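Each remark here refers to the structure printed beneath this line.
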């Protein structure tokens, strides 16, 4: 056999021969997950616990506050929902602050403000004092909501950006679970003391947040925008999968910042505006077609995330379980812990699927499941509402659908809203664009959480969830028609996908054909 092979080689001496070994046939190994970027994402995402804890703890604390301070349903709705309105001030300020002092120190500001708000809530003596404390805490929440996904997106390599950028949503769910556990743990205390401890304990995560920032680097993209190429290069070397990827990321960021490619000094003069000047004009007054499409997607996904009713379910879970037939306070709080546990488990599952399945398939599957579970929950609660006797099957169905809804939400819609909106905006517009998405998210959440009690008293508890199911159906159609897949794209390459709105598929196919033609000519 070997002689035959040798003779064949002798016959064609002009053809180059390549010696192959067994190693050549091994599958290509994926680069190991970057541990430094992983650690940075975790540390930054701790900021999201602040919002999660407040949502979770208010779900149970509001009942004790209503009893202790003798509040009406309208006052309770305002107490619960207005934090979302207050967070608008924080998210708007964070967009400017993060461009001026950097992403890293903006996280410190978020922790410090929420710390003050949590302490004030814990020491509140009346309704007016408590509302002022909620205002302070809301500003801190707005800062945290805006900056955590921006920082995580900018520090993550493209291969694991979906995985790492979903961490803020993971920590929101961890915070919600901690809030539910806090409700259950302190529910046995005297009413006037229990709710104050529940709210005051929220200061602990913000102290931890201020300490962990010491070990975090600044965002490489922000450093380049300030002309600090040497510092940016060091961070990129640590947060990229390979040296080549680090160089490519630096090259793309330099291009976006208007820095010539042959300029490699450690500190350079930046020609383009780097502190957010003119951004609002480019976003809203004279947007290009791709920016208009990006803005529609970035704001739309946050609107539909909240209008589908997730905060109503999480904040008013005790009310929903009471309507479903659970009367014991202890049992209702235990049921809310089950909700928090389900959300946390499924968001963890989602983090591993984002970069494997992609944003688009996961989002459409998630919203489809939400429509089904919301409609079934509305059906179950309507049956219970119109029945004169206890129906165990309807109660079990309603509880199961609450858990199914939060599971479907957490596996797609929850994390993808933050991942998608923080990665699609161009570098020059990212801080303010993401801030606008957060603002819409909080306004919509504020409307839903403030009016939910009045809504279900007006159209019944079942009718409220049928309404949420309708919004989720519209959301599915919107995502299917307007949202291109972003998995694996570098942040500086995102604008290529946008600008054609509902006809983005044909534009993408034309782009691929053009690339093939150019590739063939180059060959």
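Placed from the backbone N, Cα and C atoms, the Cβ positions cover glycine too.
Feature annotation from TrEMBL assigns domain 'Major facilitator superfamily (MFS) profile' to 40-487.
Feature annotation from TrEMBL assigns region 'Disordered' to 1-24.
According to TrEMBL, the transmembrane segment annotation covers 36-56 (among others). Beyond the transmembrane segment (36-56), the same-chain residues lying 6 or more positions past its ends with a Cβ under 8 Å from any Cβ of the stretch are 83, 87, 103, 107, 110-111, 114, 137, 140-141, 143-145, 147-148, 151-152, 155-157, 160, 164-165, 167-180, 182-183, 202, 205-206, 208-209, 212-213, 215-217, 238-240, 311, 314-315, 336, 340.
Residues 44, 47, 50, 90, 94, 97-98, 129-130, 132-141, 143-144, 147-148, 151, 196-197, 199-203, 206-207, 209-210, 213, 216 of the same chain sit 6 or more residues outside the transmembrane segment (105-123) yet have a Cβ under 8 Å from a Cβ within it. Taken from TrEMBL, the feature transmembrane segment applies to 105-123 (among others).
Under the heading transmembrane segment, TrEMBL lists 129-151 (among others). Non-local neighbours of the transmembrane segment (129-151) in the same chain are 40, 44-45, 47-48, 50-51, 54, 65, 69, 78-79, 82-95, 97-98, 103-104, 106-107, 109-118, 120-121, 165, 167-168, 171, 202, 206, 219, 418-419, 421-422, 430-431, 434-435, 438, 441-442; each lies 6+ residues outside the stretch with a CB under 8 Å from one of its CB atoms.
Long-range contacts of the transmembrane segment (163-181) within its own chain (CB-CB distance under 8 A, at least 6 residues past either end) are made by residues 37-38, 41-42, 44-60, 145, 148-149, 152-153, 155-156, 198, 205, 314, 333, 336-337, 339-341, 343-344, 347-348, 350-352, 354-355, 410, 414-419, 422-423. Residues or ranges marked as transmembrane segment by TrEMBL: 163-181 (among others).
Summarising the annotation, TrEMBL assigns transmembrane segment to 193-216 (among others).
According to TrEMBL, the feature transmembrane segment maps to 333-354 (among others).
Annotation comment: TrEMBL describes 361-381 (among others) as transmembrane segment. Remote same-chain residues near the transmembrane segment (361-381) are listed as 304, 308-309, 320, 323-324, 350, 353-354, 394-395, 397-398, 401-402, 404-405, 407-409, 411-414, 416, 420, 460-466, 468-469, 472-473, 475-476, 479-480, 483 (criterion: CB distance under 8 Å, separation of at least six residues from the stretch ends).
Panel annotation: around the transmembrane segment (393-418), residues 149, 165-166, 168-170, 172-173, 301-302, 304-305, 308, 310, 313-314, 317, 320-321, 324-326, 335, 338-339, 342-347, 349-351, 353-354, 359, 362-367, 369-370, 373-374, 376-377, 379-381, 383-384, 387, 437, 441 of the same chain, lying at least six beyond its termini, place a Cβ under 8 Å from a Cβ of the stretch. What TrEMBL records for 393-418 (among others) is transmembrane segment.
Proximity of distant same-chain residues to the transmembrane segment (465-484), defined by a Cβ-Cβ separation under 8 Å and at least 6 residues beyond the stretch ends, is recorded for 293, 296-297, 300-301, 304, 307-309, 312, 359-360, 363-364, 367-368, 370-371, 374-375, 377-378, 381, 420, 455, 459, 497-498, 501-502, 504-505, 508. Sequence annotations record features per position, and here TrEMBL assigns transmembrane segment to 465-484 (among others).
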Request  = Six or more residues out from either end of the transmembrane segment (193-216), which same-chain residues have a Cβ under 8 Å from its Cβ atoms?
outcome  = 39-40, 43-44, 46-47, 49-50, 53-54, 57, 60-61, 64-65, 68, 104-105, 107-108, 110-112, 114-115, 118-119, 121-124, 137, 140, 175, 179, 182-183, 186-187
